[in-house]
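Asks: Pasting a structure below so you can have a look.
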Amino acid sequence: MVFRKKKHLDKELKAVLPVQPVGVFDSGVGGLTVAREITRQLPAETIIYFGDTAHVPYGSRPVDELIHFADTIVGFLIARGAKAIVDACNTTSAVALPYLRQKYSIPIIGVIEPGVEAALQATKNGRIGVIATEATIASDAHRRALLSRGKEVQVFTRACPPFVPLVEAGIVAGPRVEGVVAECLESLLQAGIDTLILGCTHYPFLAPVIQDLAGPGVTLVDPAAATVRELKSVLAAGGGLRGPHGSRAHEFYVSGDPRSFNEVGFKLIGWPELAGTRKLALDFREKGTPG
């Protein structure tokens, strides 16, 4: 199978086999929202997942460090035979994706562009909110993408640093969460948004609380579904969709504590196979860094 060049890729893509897995990575459990959506839309595909839990949260880290982390993880996923990779982290999608696409020849799909397209389709009053990590908001990636489509929209953004640590701890409901979410949403709701992009793959786990506080007049956009539709399109265009038979078990790796990832991940999505999560000691040191 040979992938043809797509508009969001920088060079021709090498031949791979449909039976090869799809790689997915994130700073922690957030990318499981995308992995779950892959199993819904593409149930025959096998997933290799890497959660960089030793370095979570990514939101306050320097850009160069984020690019290096993403580069190291993508290299591992390719070595494991990934035919395509979903960067299921908005932060690295915002700052590292151009570098990754230039360096590697397989499809690497981010979560920002699909989420933006979904938000533009959903909004009725043109007032779109974005909540995300500090690094993602600082990159202005969502605003630029929204305004580049030629539609008259206003974009209102807010960084919500407490969200990722809460989700990583498995805390997704209760008075503490409600207080944090209310504070984050206040300025956006005052701005009159009717659409809210959940600009971090951890945030959909807080969606019930966010929706309750935002009210029925605000549409929440979880980029996972649109991202997997893009993955499906890319694989189909190159004949890379896996057939309905012969799928094997998904693989889960983390850089931190596998037991914590398993416990929190199971609480969030209920997958028994997370019990097989393995710790992997990737070498995240920059070249030339002494051991």
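Glycine is treated like the rest: Cβ placed from N, Cα and C.
Keep in mind it's a predicted model, so treat the numbers as computed, not measured.
Heads up, here are the entries from TrEMBL:
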type: ACT_SITE; residues: Cys89; note: active site, proton donor/acceptor
type: ACT_SITE; residues: Cys200; note: active site, proton donor/acceptor
type: BINDING; residues: Asp26, Ser27, Tyr58, Gly59, Asn90, Thr91, Thr201, His202; note: substrate binding site
Asks: For Thr201 (substrate binding site), which residues of its chain lie six or more apart in sequence with Cβ-Cβ distance below 8 Å?
Replies: Asp26, Gly30, Gly31, Leu32, Thr33, Val34, Ala88, Cys89, Asn90, Val111, Pro223, Ala224
Asks: 10 Å Cβ neighbour count around Cys89 (active site, proton donor/acceptor)?
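Replies: For Cys89 (active site, proton donor/acceptor), the count of other Cβ atoms within 10 Å is 36.
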Asks: Fewest other C-beta atoms within 10 angstroms of its own C-beta: which of the recorded positions Asp26, Tyr58, Thr91, Cys200, His202 fits that?
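Replies: Result for the recorded positions Asp26, Tyr58, Thr91, Cys200, His202: minimum number of other Cβ atoms within 10 Å at Tyr58.
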Asks: Would you count the other C-beta atoms found within 10 angstroms of the C-beta of Gly59 (substrate binding site) for me?
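Replies: There are 25 such Cβ atoms around Gly59 (substrate binding site).
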Asks: Using the Cβ center of Asp26, Ser27, Tyr58, Gly59, Asn90, Thr91, Thr201, His202 as the substrate site position, which other residues in that chain lie within 8 Å, going by their Cβ?
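Replies: Filtered neighbour residues, in order: Gly28, Gly30, Gly31, Val56, Pro57, Cys89, Thr92, Thr133, Thr136, Val164, Cys200.
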